[in-house]
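Each remark here refers to the structure printed beneath this line.
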Amino acid sequence: MASKEVDVIIVGGGAAGLNAASILRKAGKKVVVLESRDRVGGRIYSEQLPSGTHVELGAQWQAETGHDRLDQLVKTYGYRKLEHYKAGKAVVWTGGVKKLLSPGSLGIGFFSGLDFMIRMWRMSSIIKKISLNGFTPNLDQYDNESVGQYVEKRSWTSGAITFLSSLLSGGFCHDPKEISVYAAAQTMKTFGSFEQQEKAETFFFDQGLQKIFVKMAEELEADLELNARVVSVDTTGDKVVVKSSGKIYEGKEVILAFPPQLLARIQFQPSLPQNYSDVASSMALGQVVKMVAVFPTPWWRNRGLTGFVSSYGKSNDLDISEVADLSHSTGNGVLACFVVGPSALEICEKPVEELKKGFADFLQASFGSLEEEIQSFHYHNWIGDEDSLGGYLSTPGMGQWKKLPNGLFPKAGRISFAGTEYAHQWRGYIEGALESGERAAHAVLATLEGTSSAT
């Protein structure tokens, strides 16, 4: 006997799953959302301090333009977005050398900068040829060449190689030599243009971004179940049967709204298409550790610094690639940093005090000295997060896109897929997760109502 019968079962209570649920409910469909964690939000994860300051340990950015779905949620729930502090100099490390530059400056010299621009122009020619709805056969050579190799072979200057490698490692949270040119170009195409991508990290939020999704979840009321780890999905009968934590759910359709690398944990009957399973098991997992240091005040601003630090090539013990000022209206100074790719694997099991010291040492080297002691330190190891196995984006491995003639992963029978990895717009961002959930919901509605819809 089923614990609950609905129209659509949604597995995953992150941005994608909650957006799909909201759309389906508004269309008059009965849904249930099953979330394995004890909270909603997925890879959007906020902590609130006694002072009222929120620290974001997961996704946090809204672009200047193009993040229309997220912008609508922000307006709906009355949230305030803040723009990066820009009144001052940014710190840029290149090859262990520190420079103070105006925000947005590359800091890699004229010829390396020219080399970088030419590489981007040539990459754009590949991006234009790629389809988001399936593999482009005449570009198959790029599925077998890593984007790291592509950069090293075609760049003229060591400065451009170091700069591009750092950007790619940060963008994909993985070693660029393990990401194909095709996979990189596919993802970049979802941003619309390089100009839009450059402004992808313009705004952040004053009240804890996860709270938006908590509010979305509250509207579901009894149609959301936490601590509900799904173990099987059976589509052999008249109804879809999903088992989770000793309960059974029946529905007409199911949306799997979680990262593809977690598909192997679920027993499917019948099995997923072989190419889906192959690609899911090959994912280059996002390797990232995020750390946040909270100070009594944003003291660096008094020194004429924006708080932004970027590092191209290893310049510190933890190999921190970026620091961003996320200070709020509460008055606290907040600096967040990211360690990505192989370096994240190296540090992810270090003691918290060692991570805190490494971050403090890098800030001291970058800003000259620490005017205040760190008031509180927070971090999240997304590599070790059992409900994600990586963040903030995982990517099909080398040579895998050619196994996906119809894209990643179109609706398979009564199973739909959602999550930022599947996005056709802004893959790797919150906007991408929302878009994928919207697209999955409309595909399900088309099936339930007997119409056709692109997936």
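Positions of Cβ are set from backbone N, Cα and C atoms, glycine also.
No curator has checked TrEMBL annotations; they are predicted automatically.
In TrEMBL this protein carries:
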- Val230, Glu421: FAD binding site (BINDING)
- Phe338: substrate binding site (BINDING)
- 16-445: domain 'Amine oxidase' (DOMAIN)
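Around the Cβ of Val230 (FAD binding site), 24 further Cβ atoms fall within 10 Å across all displayed protein chains. The number of other Cβ atoms within 10 Å of the Cβ belonging to the residue listed as 'substrate binding site', over all protein chains shown, comes to 18. For Glu421 (FAD binding site) paired with Phe338 (substrate binding site), the C-alpha to C-alpha distance reads 20 Å. Within 10 Å of the C-beta of Glu421 (FAD binding site) there are 26 other C-beta atoms, taking all protein chains into account.
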